[in-house]
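**Q** Swiss-Prot lists these features:
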DISULFID  97-189  disulfide bond
CARBOHYD  5  N-linked glycosylation site
TOPO_DOM  1-25  topological domain 'Extracellular'
TOPO_DOM  47-54  topological domain 'Cytoplasmic'
TOPO_DOM  76-99  topological domain 'Extracellular'
TOPO_DOM  121-139  topological domain 'Cytoplasmic'
TOPO_DOM  161-196  topological domain 'Extracellular'
TOPO_DOM  218-237  topological domain 'Cytoplasmic'
TOPO_DOM  259-271  topological domain 'Extracellular'
TOPO_DOM  293-311  topological domain 'Cytoplasmic'
TRANSMEM  26-46  transmembrane segment
TRANSMEM  55-75  transmembrane segment
TRANSMEM  100-120  transmembrane segment
TRANSMEM  140-160  transmembrane segment
TRANSMEM  197-217  transmembrane segment
TRANSMEM  238-258  transmembrane segment
TRANSMEM  272-292  transmembrane segment
């Protein structure tokens with residue numbers, strides 16, 4: 001972290017979502033409940049897939065890693081946010097703030113890549129079923145998952161590399177509930193446009209690339225489904241994609257609001273609300289989205305419950 005002539009900032013104070021004690025008490029209970037559901041839902045998905053051998057397929061391997069990423073994503077933000085509801089001020093040392101930003105960006109980026117990998121998996125399964133075992137072999141799955149985490153780490157280090165070159169010598173109050181890059185950038189004493197544009201280009205490139213993979217995959221899927229003569233076949237093919245499409249729409253809808261829309265078109269409070277949705281709410285919703293409409297997941301869950309009850 002760069003130094004200036006004035007006192008160097010050693011910690012950042014997060015202003016959180018609200019200063020009203022009553023509102024904070026209500027929000028604490030709400031988000032504590034959301035976090036518990038997030039952990040239980042995603043851990044259940046991971047355990048269920050690991051224990052059910054018939055779910056050891058590429059689609060569920062990706063879903064298992066998506067659940068892990070959602071746990072990491074939510075855990076990067078929610079515990080600190082919960083503390084902010086119990087205290088008037090929540091302070092994090094500079095190293096803690098850097099670590100939180102690194103974790104959020106890593107897991108958020110990995111989620112983008114995993115959603116793209118899942119779209120490609122659906123494309124191969126529906127458009128080229130005879131080549132599925134070759135195109136989605138265990139080796140290919142390992143590469144796609146590994147690239148997802150590697151992409152997350154590279155993007156995170158882009159943010160951290162720029163952040164560590166900034167000087168913080170004045171105000172230290174971050175108008176957010178976690179150490180996000182944009183609010184931190186506003187507090188920097190040194191104003192270099194390069195440190196603003198590099199993370200934006202990095203994130204923007206990843207969003208565009210993964211959206212293109214998802215869009216192209218679903219265009220081919222739609223064309224293939226429309227060519228099917230059987231109504232039952234169409235319904236079955238489309239039903240395998242609805243959960244993923246729902247998750248993609250929710251995640252990329254909020255990400256687009258934050259990173260694509262002009263910052264002058266929305267306020268800091270709106271930014272906070274949208275950030276809550278994609279860092280806290282979506283990780284809770286994903287297990288529900290992927291399990292409620294999935295017969296294999298529900299079937300595996302029923303079998304596990306029967307084993308527990310009768311054992």
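Including glycine, each Cβ sits where the backbone N, Cα and C put it.
Context for these features, please: burial, neighbours, distances.
**A** Around the Cβ of residue 189 (disulfide bond), 17 further Cβ atoms fall within 10 Å across all displayed protein chains.
Remote same-chain residues near the topological domain 'Cytoplasmic' (47-54) are listed as 60-61, 63-64, 296-297, 300-301, 303-304 (criterion: CB distance under 8 Å, separation of at least six residues from the stretch ends).
Within its own chain, the topological domain 'Extracellular' (76-99) is flanked in space by residues 1, 9-14, 16-17, 19, 24-25, 27-28, 31-32, 34-35, 38, 107, 160, 163-164, 168, 174, 177-179, 184, 279-280, which lie at least six positions past its ends and keep a Cβ under 8 Å from the stretch.
Over the topological domain 'Cytoplasmic' (121-139), the average per-residue pLDDT in this prediction is 93.
When Cβ-Cβ distances below 8 Å are used as the criterion, the topological domain 'Cytoplasmic' (218-237) is approached by residues 119, 122-123, 126-127, 245 of the same chain, each at least six residues removed from its ends.
Residues 35, 38-39, 41-43, 45-46, 48-49, 103-104, 106-108, 110-111, 114-115, 117-118, 121-122, 125, 136, 140-141, 144-145, 148, 279-280, 282-284, 286-287, 290, 296-297, 300 of the same chain sit 6 or more residues outside the transmembrane segment (55-75) yet have a Cβ under 8 Å from a Cβ within it.
Tertiary neighbourhood of the transmembrane segment (100-120): same-chain residues 59, 62-63, 65-66, 69-70, 72-73, 76-77, 80, 92, 144-145, 147-149, 151-153, 155-157, 159-160, 163, 178-181, 184, 203, 206-207, 209-210, 213-214, 217-218, 244, 247-248, 251-252, 255, 278-279, selected by CB-CB distance under 8 Å and a gap of 6+ residues from either end.
If one looks beyond the transmembrane segment (140-160) by at least 6 residues along the same chain, the residues whose Cβ comes under 8 Å of a Cβ in the stretch are 58, 61-62, 65, 98, 101-103, 105-110, 112-114, 117, 120, 181, 198-199, 202-203, 206.
Residues 109, 112-113, 115-116, 119-120, 122-123, 151, 155, 158-159, 162, 181, 248, 252, 255-256, 259-260 of the same chain lie 6+ residues outside the transmembrane segment (197-217) yet bring a C-beta within less than 8 angstroms of a C-beta in it.
Residues of the same chain lying 6 or more positions beyond the ends of the transmembrane segment (238-258) and with a Cβ under 8 Å from any Cβ of it are 108, 111-112, 115, 118-119, 122, 125-126, 207, 211, 214, 218, 221, 225, 266, 271, 274-275, 277-278, 282, 285-286, 289-290, 293-294.
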**Q** Is the topological domain 'Cytoplasmic' (121-139) packed against any residues at least 6 beyond its ends, judged by a Cβ distance under 8 Å, and which are they?
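**A** Beyond its ends, the topological domain 'Cytoplasmic' (121-139) has Cβ neighbours at 58-59, 62, 217-218, 220-221, 224-225, 237, 240-241, 244.
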**Q** What is the Cβ neighbour count of residue 97 (disulfide bond) at a 10 Å cut-off, with all protein chains included?
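**A** Counting Cβ neighbours of residue 97 (disulfide bond) within 10 Å gives 24.
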